[in-house]
Every structure is written in C-alpha cells, then in structure tokens.
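Report on one structure; see the data block that follows.
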Ligand code: KIV
C-alpha cells in the first residue's frame, strides 16, 4: 500500500507502530521498500555512512538530491523523505523554501525533514505554506554537534527536558506531520509522544514512540566505525559481504572463477578464422 503523510497521521490515531529506515541508493531502496516499511529517509547521515565524513556538516544539497533521486527510483510504496542538509534552511526562509522545493521538484521526494525546535518554526511554516510536508527532528540533532560538544543524549535534566516538550509542541503547531526524536531518554520520549497528536519516530528514544527509524548500515552491521547504544544489529551483513568478497578474490586468484557457465561462447569456425 502506498504510504503518504495521511498514513502517518492515521497510524498515530489507530495506535499502529510506524517503521522507517534510511536508504541512499536505488538497489537498497528497492529491497527496503519491498519489505514494507512506511517511510524511507534519505538521511544526511549519508555523509558519515556513505561518504566517510566524521559528521553530517559537509553534506550539500547536490549530494542529497543525487541520492534522493536514486532512492525515489527504487521506491514504490514507502513515503520518501529528503533530509535538508546543514545550511540549506538556516540562512533564510527563501533558501529554506527553495531548497525544500528542490527535493520534491527535482528528486521526486514526497516530504522533507529538518532539524531543530522552536527556532526553526518560521522555516517550517514557510515550507508547509508552499505545500511541502515537513518532518521535524529534535533531541540529538547531528547538525548541531558543535553546540552539543559531541553526539550526546539530550534532555536528561529538567530544563532541557521541558524545552524538548515545548519544542515538540511548537513544531507541531508550526505544521510538521511527524517528529523524529533522536537520542533522548525513553520516558521523556514517551511523554512527548503523548503530548503531540502527530506521530513521533524514535531513534535512541525507546519503545514509547509511535514509530522507529534506524540507519540501515547500523542495523545490518555494515558500518563499524562506532556503534551507538541504541543500535540493534538485526543481521550481520558486513561479515556476509566480507565472506563473499574473500571468496571472489580466492576464486579469481586460483583461476576457478569465471568458469564456463559464466562465459560467452564463440562459433568454432569464427575462432579458426582468427588464427
Ligand atoms: O540523517 C539521518 O539518517 C537521520 C536519522 C538518524 C533520523 O536524521
């Protein structure tokens, strides 16, 4: 079934859990989509898991559009959400609307996500006014890593926790259709989820959220630079890939690959004529 913003809102009302995963290219999007997730986020995490940067700050609009186009081509049913990269929406409302529009117009995404609480309400309002669905993102917002002093759990004192609840309500009022809650205590995420009428999608925010999202390289053990506490390895694809690549190297060096079944034949007469 084709997922839309309405699917997300209905799921919250029905108490049905939503599932999202990240994807960054055509073939992964196709596999993930076929499995039946509600949403695919083309996250700016691609800066770390695909491009090898230490954080997400170097990711550009061009990077995001390039990968979002590929994901859209591989997706039939999931809602594709494009992640607004650092400095694509902070500098002006005009930039925010124009860049958000590029995700829909050039890449074919159905919604965008941006990071921040009350401070980005003007951007959310302007983008929603342009008829572009917006997903919010509060808690550990990786584009603010330099303000946080690292990738740390957020909202673990009463001032910060109250601010997160306020932020969630304010961005809901500004018009977001869902909110990503990243790296916040489970009980706080549960409280926020009860305080808003739109779905919360947690990552490191416990089971009280209305849905979950993970970076696929994390949950398949394909990205091993570090493992956040909240990541569960659902499969060991990294080791499976290593084993496949090693077998390939062994067979090529031993001369057992390619064998006749992987070769094209030529007519013997044609071959003879070449000598
Ligand atoms: O960029 C990303 O993948 C994200 C998720 C971690 C929510 O923002």
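Heads up, the Cβ atoms here are built off N, Cα and C, so glycines get one too.
Curation plays no part in TrEMBL annotations; they are all automatic predictions.
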Going by the Mg(2+) site in TrEMBL, where 44, 83 are listed, which of the candidates 34, 106, 115 is also part of it?
115
Taking only same-chain residues 6+ apart in sequence, whose CB is under 8 Å from that of residue 83 (3-methyl-2-oxobutanoate binding site), what do you get?
41, 42, 43, 44, 45, 64, 112, 113, 114
I need the neighbours of the 3-methyl-2-oxobutanoate site defined by 44, 45, 83, 113. Which other residues of that chain put their C-beta within 8 angstroms of the C-beta centroid, in sequence order?
22, 41, 42, 43, 46, 56, 59, 64, 82, 84, 85, 137
Cα distance, residue 182 (active site, proton acceptor) to residue 115 (Mg(2+) binding site), nearest Å?
10
